[in-house]
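S.K.: Questions regarding the structure given below will be posed in turn.
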Amino acid sequence: MIQGSYRDTWTEVSLDAIHHNVTAFKNHIDHHTKLMAVVKADGYGHGAVEVAQEALTAGADYLAVAILDEAIQLRDAGIDAPLLVLGYTHPDGLKTAIEQQITLTVFTKEDAEQVKIAAELLQKTARIHLKIESGMNRIGIATKEEAVEIAKALHSSFVMLEGAFTHFADADNTDPTYTEMQFHRFNQIISHLRTHCHIPIVHCCNTAATIAYPDMHLDMVRVGIGIYGLYPETHLKELIDLKQAMSLKTKPVYIKTVDQDTAISYGLTFTTERKSTIATMPIGYADGFSRLLSNRGDVIVHAGRAPIVGRICMDQSMIDVTDVENVGLDDVITIFGEPTEGYIAMEEVANLMGTIHYETACLIGKRVPRIYMRQSEAVNYKGLVEKEPVTS
């Protein structure tokens, strides 16, 4: 039983791996370049507070999240490091952001004017980064003239225009053409903007670009997926050594032997072709163990693979352990983990789902406890029920 949960299903997050990955990126960039650790989406499912704390300990200079709510969560946890909200912030949130020294992204003149008004009313400094559109075509300032206009709209003794950034759409592609075009377009706007105002921090590199394009690192790089030990694309693995931080584990709750031609689970999509040993696991698609893995994926038991059989249910799922000797109720089943330790990589699971491992990590639900490990020992725990972080 996992102490802190009444169900033997959990994730382990290696803080050593997080630390290793941040250090690897710090060593990969010039010592003058800052490292921004992206911990949005609850740290890509790993736990934003815990990852942020470890990343800062390992040398990260700045943090980033997607929305103001995530930033407030970090501030409430006592994290006072520089912190950027990468996306849009509603005017209703400006007062809170300014008071908590949360840096905001601005990409329209209207937003700039709202920020200026809020800061001057509070008589407190608003920290701002401009978002530049260079080819992602999501949000951002598209022209150099518009960039200057917005910068002027922000002009106030209570507004600090701290930075400007863009986001690459195709940096994980082996063909650099589009990324180079974006970089050139971004630099054109920044060069023009800097003739009108001072911008201390300019940044454009995501994880893929940080690994593959050292000439684009500029003042700061933004590393998200790489901090968690996951590569944007396979070809980048030879350029930096990362360790997958998250593993997903469970234990069987029931093991039985069934005859040949026995149907398993909803829809009768799997029928045994021989007398088989079937183990039921207390994990299902409500936990992020996707139904798309039904009859497709494998898990690791006793260092061997066992196939997932039948449709994955909301709370339970079944595996065929016929070819794995002596499986018992106390045996740990690993759904994914660090591949160098003999486990199935999250990337493989994502490929079977027809998606990317970014999504696979984020899908792991809140009712699956996160156990934080250091040197193979549990040091912290986060789950629906707060208890001591002890495994057995």
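Heads up, the Cβ atoms here are built off N, Cα and C, so glycines get one too.
Residues annotated as N6-(pyridoxal phosphate)lysine in Swiss-Prot, with sequence analysis given as evidence: LYS40. According to Swiss-Prot, the feature active site, proton acceptor maps to LYS40, TYR266, an assignment based on sequence analysis. Annotation source Swiss-Prot lists substrate binding site at ARG138, MET314, citing sequence analysis.
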S.K.: C-alpha of TYR266 (active site, proton acceptor) to C-alpha of MET314 (substrate binding site): distance in Å?
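M.R.: With the alpha carbons as reference points, the distance is 11 Å.
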S.K.: Tell me the Cβ contacts of ARG138 (substrate binding site) under 8 Å, same chain only and six or more apart in sequence, or just say none.
M.R.: HIS167
S.K.: Restricting to the chain of MET314 (substrate binding site) and a gap of 6 or more, list residues whose Cβ falls under 8 Å of its Cβ, or answer none.
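M.R.: Non-local contacts for MET314 (substrate binding site): GLY284, TYR285, ALA286.
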S.K.: Taking the Cβ of TYR266 (active site, proton acceptor) as centre, how many other Cβ atoms lie within 10 Å?
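M.R.: Step by step: centre on the Cβ of TYR266 (active site, proton acceptor), count other Cβ atoms within 10 Å, giving 13.
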S.K.: Enumerate same-chain residues with a sequence separation of six or more from the residue listed as 'N6-(pyridoxal phosphate)lysine' and a Cβ-Cβ distance below 8 A; give 'none' if the list is empty.
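M.R.: Residues satisfying the criterion: ALA48, ALA64, VAL65, ALA66, ILE67, GLU70, LEU86, GLY224.
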